Amino acid sequence: MSVKEWPVSERPREKLQTQGAEYLSDAELLAILLGSGSGGQDVVSFARRLLSDFGGVGALLTATPEQLLACNGIGPARVNQLRVVLELSRRYLKWQLERSDGFTEPTMVKDYLTSQLRHQGREVFAILLLDSQHRLLRYEELFQGTINAAPVYPREVIKLVMQYNAAAVILAHNHPSGVAEPSQADQRVTERVKKALTLIDVALLDHFVVGAGDPISFAERGLL
């Protein structure tokens, strides 16, 4: 039975209009975005299957185009729809960080870094440059390496800090393996960058490692 044959009160679009987006399930919201089902499934069932196959909204939105195209019912147009949603969410999180005291809201920082780094297929070292009020000046991906290592040079970090006159820094990198636990190499790199920043009186506020779960904070672990 198609969604159009459902009781009006159960249809996602009508629920959105009468109750608000916050009352819709992930599958119902995704169904509105997709517009139609696939392979005989109504759009809500199709959306539920996608979420189940990928393991949730975050994994679906950060999946690669190749992973998405491997699913029955997803073609280039739907891949582009999902990519647009992810990019809009990234820009919204960046907008929030630019207008708020972002470091006092670590969840927001973690969400932003997850959206930027979790989908990367190789290791990436990134930096958040902050002003004296800890508001975001710029996000920059400095180095990309193999899946096992990304070379980090403190002088490149310093160069970028000086270019944007940053007062504080947050470091971040991803572990494509999915295991976010900081390695000894991660800790050594963090210490090297911290010492270099100290010479120019710039604070290193945190270093996040992004994996499959919640990003790991060096500050929360007492590793800074």
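Just so it is clear, glycine is given a Cβ too, placed from its N, Cα and C backbone atoms.
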Where Swiss-Prot places motif 'JAMM motif' among the ranges 5-18, 173-186: 173-186
Cβ-based isolation winner (fewest other Cβ atoms within 10 Å) among the binding-site residues His173, His175: His175
Residues in the domain 'MPN' (102-224) grouped by DSSP into helix, strand and remaining coil: 46 helix, 33 strand, 44 coil
